[in-house]
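Below, the features straight out of TrEMBL:
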- 54-100: repeat 'WD' (REPEAT)
- 449-480: repeat 'WD' (REPEAT)
- 675-706: repeat 'WD' (REPEAT)
- 730-761: repeat 'WD' (REPEAT)
Amino acid sequence: MVASVLEASHVFCCPNRVRGALSWNSGPGGLLAFGTSCSVVLYDPRERVVVTNLNGHTARVNCVQWICKQDGSPSTELVSGGSDNQVIHWEIENNQLLKAIPLYGHEGPVYAVHAVYQRRVSDATLRTLMVSAASDSTVRVWSKEGSAVTCLQTLSFGDGFTLALCLSFLPNTDVAWRIGQVERGGSGSHQSLAFWGRSCELMVSCDASILCEDSLGGGTHTFWFHKFEFNVFPHTLRPIPILACGNDDCKIHLFVQENDQFQKALLLGGHEDWIRGVGWAAFGKDLFLATCSQDCLIRVWRMYLKSTSLETQDDDNIRLKENTFTVENESIKMEFAVTLETVLAGHESWVNAVHWQPSFYKDGVLQQPMRLLSASMDKSMILWAPDEESGVWLEQVRVGEVGGNTLGFYDCQFNEDGSLIIAHAFHGALHLWKQNAANPREWTPEIVISGHFDGVQDLIWDPEGEFIITVGTDQTTRLFAPWNRKDQSQVTWHEIARPQIHGYDLKCLAMIDRFQFVSGADEKVLRVFSAPRNFVENFCAITGQSLNHVLCNQDGDLPEGATVPALGLSNKAVFQGDIAPQPSEEEELLTRAGFETHQMAFQPTILSEPPTEDQLLQNTLWPEVQKLYGHGYELFSVACNNSKTLLASACKAAKKEHAAIILWNTSSWKQVQNLIFHSLTVTQMAFSPNDKFLLAVSRDRTWSLWRRQDTISPELDPIFSLFAFTNKVTAVHSRIIWSCDWSPDSKFFFTGSRDKKVVVWGECDSSDDAIEHSVGPCSSVLDVGGSVTAVSVCPVLNLSQRYIVAIGLECGRICLYSWKKTNQFPEVNDWAPCVETSQSQSHTLAIKKLCWKNCNGKTEQKEAEGPEWLHFASCGEDHTVKIYKVNRSAL
């Protein structure tokens, strides 16, 4: 029932700013999993939509890992670790959560996880072997069989920390070949031996030695030697897991499992700084380990099973140093050696991640390309591979970020066949590149999900309902709009502009016009921004709007774009005459040779699809047209009336004089009036739809209602006077009032508080000329069971002519209620619950703002959506912005 009434149609988010928070399912059409705040998001890069959210952690998700299947089919299980000291095993079916199993035991945040499937020899069933590393200086080993999970072992590292880990299996340990013999006559000394591996050396010691090499398949093989016949038959052994741990002691610790317990086998040295990434990959009979470090280097190690032949070694030959260890598997002793294969030096800063291209099936044959991907803080990602002729490892491709306020990459991943690579940047952004099928050395940027990397504080729809603008504590303002493609019926939403990149955490936002907004941050200044011509052109091209129709409502002298001067802090408008011509290749070469520096000025770009992260950072700023001074402390809330003539703003306050509301004229940008009533911070303000009232709610647990006075002349600024209020005696709310909103007919207003209550107040009659008014509750007190942080009233009524109210809670859940005045005293049965978000649809932290789309807006989705579907947007402290659609007929 929930799915048919309420659906999360679009989600905007990005990975957490930690290493290991990203994992790509290696099966065909695999999903991308990443941690966003306390959630694990499953994203489909091909359809460009979020499939679902996995909510279970109570703190930041630090690491995510799909559990790869041996047959190359898409993974259905993944494991994640978070700052809540939890490891969670997730089971997915049809892209939806089937089961979640939390694993408890760590005493600190978990920041590295890995898992593999391990086959039992007795009954050939699979169990899941998982490892997790935490800041409690331990690595825990978990085993999952069915729904039962047990902790097999805890590896302690004393005062050290494991920063990266990876599981695999020792090479050539899953099959042994036993030799049975039959004497055909004569006598002689003989013995029965066993050896291992699918393709290995056969050595039998009888009267003499024989050495045969054969690639053995299944079944029994017969070998003759003198008078003896040897029957060689396969015998399945238990695969031996090996664990690599990269630590802060600059060494790689190798552990081998024996009798369900990991024992330390080797210690690999060479790196000169903390190990940041490790990864295993099997190539033929060998196992390769890639490690990366903060010493800017990548080391590739080769592990192999030492030969059992009696071959002699010439001590005069130069050989690589071998690190050896011995393991015993079902009474068979095996010796393994580890040598340094290569050292890759190409990055200029910390190397944070290395990943091998996953194996895949092609024409029924398992392929394992020898390609390695690395990500670094030098803003680059490199694809490495050995040269086909010499075998020397070389850099094949280098991609990355250029310019902008960026600090490199945290992580990188291949897709299932290596045709797509993705990087996770320091500020949370994802960068996706696709390999050109005609020219394999050419990689082009692709469109991928984006969003805020910190709490989203405010959002608003534009008056036409065609896009939303959001602000957050990541110090950015972002604009999201639909991408309408002529050849596809599905509409996806994307970030198409980043109008403001600030130096303070942004707190509040208000639209003044369709392409003009004002924002407030943790500073005393309000800033006004207007859209440049280049944005309007790209907006129309991406959304399918008529450019002429949009431009006819704009001023003729629009700037082309905006740029930030080298020594400036504000977005400066760039006009047609200011645009510098692009230098030719020869001029650019001379400029570089002469060590001259030139400012990267704005260059207009015509787009037909959503911009990439580089374009968002450098080419989508809006010029700042005005600064508004007047507040004494950091801005906290702002609102604009519906006729777009007045702006109201308020700042943080601990005294009455600082809690004043300032009214601004949006034409002259002059202060009109100071409204003084509250004694603490005004948390939210809202003008009534008819613009006759201004409502304010405050941290002091009261609200104030201001009425607009009639003016003698239209040229004079309107004056507001206090119309009604609550105090300590008349107040209903006992805690801070976070949110307020008006009914569409301007008769009632709604307030929501931390005391878990939502109250309706009214009626408000603007024609009443009395000096003092008493506006009291006109509804029963609704207790929603959690702290209320956001309230929004739908601009249309449901089919029963009841008001539709969306209520956002501190826990992240959104509840929809309907309300209608019953004219009874006291009011009873006036509230009716409609629907609430499911666990996967909900936010995981406090809702900061809810906003319904203007139903008079022109945009309608191509997906057979009519007037029975309503839309509202939400944002929260969990870094996420969501757009929901609601079936009006079902409310």
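Cβ atoms here come from the backbone N, Cα and C positions, even for glycine.
Can you tell me where each of these features sits in this structure?
Along the repeat 'WD' (54-100), the predicted structure has mean pLDDT 94.
With helix defined as DSSP H, G or I and strand as E or B, the repeat 'WD' (675-706) counts 0 helix, 17 strand, 15 coil.
Among residues of the same chain six or more beyond the repeat 'WD' (730-761), those with a C-beta under 8 A of the stretch's C-beta atoms are 683-690, 692-693, 695-699, 701-703, 705, 774-779, 781-797, 803, 805, 807-808, 810, 817, 819, 821.
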What residues elsewhere in the chain lie close to the repeat 'WD' (675-706), defined as a C-beta under 8 angstroms and at least 6 residues from its ends?
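That would be 636-643, 646, 648, 650-657, 659-663, 720-728, 731, 733-742, 744-746, 749, 751, 753, 761, 764, 766, 775, 795.
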Using DSSP, tally how many residues of the repeat 'WD' (730-761) sit in helix, strand and coil.
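Across the repeat 'WD' (730-761), DSSP assigns the residues as follows: 0 helix, 17 strand, 15 coil.
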